[in-house]
Amino acid sequence: MEVENSTVVTEFILLGLTQSQNAQLLVFALVLIFYLIILPGNFLIILTIRSDPGLTAPLYFFLGNLAFLDASYSFIVAPRMLADFLSDKKVISYRGCITQLFFLHFLGAGEMFLLVVMAFDRYIAICRPLHYSALMSPRTCYALLLALWLGGFAHSIVQVALILHLPFCGPNQLDNFFCDVPQVIKLACTDTFVVELLMVSNSGLLSLLCFLGLLASYTVILCRVKGHSSEGKNKAISTCTTHIIIVFLMFGPAIFIYTRPFRAFPADKVVSLFHTVIFPLMNPMIYTLRNQEVKASIRKLLGQHRVC
């Protein structure tokens, strides 16, 4: 029977995060709390930035897009994960798996590129303040936004194309709570060494290079602000520190997952949980809690609606 050019598997069985009932209930409650409390906070950030005419600087434009990307990213895995906790049989179709994988890498890469753009914005604002308005015009911001969306799409379509060329004839049990490249390619009925190498080069190398580039850029920025006035220096350091925290939260798990051979480690599922569910909801909140202008605008917006 020929299986090399055809996909026999029509669905995958997800083994889930853990087999412990108590642990499943704990994770279910944790994810649900994040969804009910922090996810609305992300939409509040978007609404605040869109409605306040005082938050029109490129920094806030990109922060609003970060909140949108993170909120969208959180819808890829978490809703199905919550439903699977209440189901005895956790099954996802082959097409559903590929779709989930596509959007996971599409939005994930888009966010990585957005963090690079935000670092570029901070570099221009701090190191070349006299040219900031000209270099970071609204037209430039929209062009950068379009570029990061296209970059995310290009990255993701390569991932999906490599998966679609693999034959799947069984087994069909994915040792995770969602579909991702490392687990899916293990189930292919062929030698996947070359595909694994391409995947590491694509996702792993991209994550590592962006991470190192961002750390280098923020190091340069922090060195440049030493000569600024005390007030300007404190604000710049606060902003850059926030960005660096997000860089570690975003790229740390991605590097752990994608820059090594695709072998299972005990910490894989826990890292994946924080990478796909917890951190995306926290990122915009961390920015907001350290940004006085956005916090003041949120309080003003909530106060107006309370009066009404």
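In case you wondered, yes, glycine gets a Cβ from its N, Cα and C as well.
The feature domain 'G-protein coupled receptors family 1 profile' is assigned by TrEMBL to 41-287.
What TrEMBL lists as transmembrane segment is 25-47 (among others).
Outside the transmembrane segment (59-78) by six or more residues, the chain places 31, 34-35, 39, 42-43, 45-46, 49-50, 100, 103-104, 107-108, 110-111, 114-115, 117-118, 121-122, 125, 141, 145, 177-178, 239, 276-277, 280-281, 283-284, 287-288, 291, 293-294 with a CB less than 8 A from a CB of the stretch. Per TrEMBL, transmembrane segment is recorded for 59-78 (among others).
Taken from TrEMBL, the feature transmembrane segment covers 98-120 (among others).
Positions annotated as transmembrane segment by TrEMBL: 141-168 (among others). Counting only same-chain residues 6+ beyond the ends of the transmembrane segment (141-168), those with a CB under 8 A from a CB of the stretch are 3-9, 58, 61-62, 65, 94, 98, 101-111, 113-114, 116-117, 120, 181, 184-185, 187-190, 192, 195, 198-199, 202-203, 206.
What TrEMBL records for 205-225 (among others) is transmembrane segment.
Taken from TrEMBL, the feature transmembrane segment covers 237-258 (among others).
The transmembrane segment annotation in TrEMBL covers 270-289 (among others). Within its own chain, the transmembrane segment (270-289) is flanked in space by residues 17, 27, 30-31, 34-35, 38-39, 41-42, 45, 63, 66-67, 70-71, 73-74, 76-78, 81, 104, 111, 176-178, 180, 242, 245-246, 249-250, 253-254, 256-257, 295, 298, which lie at least six positions past its ends and keep a Cβ under 8 Å from the stretch.
Only residues 6 or more beyond the boundaries of the transmembrane segment (205-225), in the same chain, are considered here, and those with a CB under 8 A from a CB of the stretch are 109, 112-113, 115-116, 119-120, 122-123, 126-127, 155, 232-233, 236-237, 240, 243-244, 247, 251, 254-255, 258-259. Across the domain 'G-protein coupled receptors family 1 profile' (41-287), mean pLDDT in this model comes to 87.
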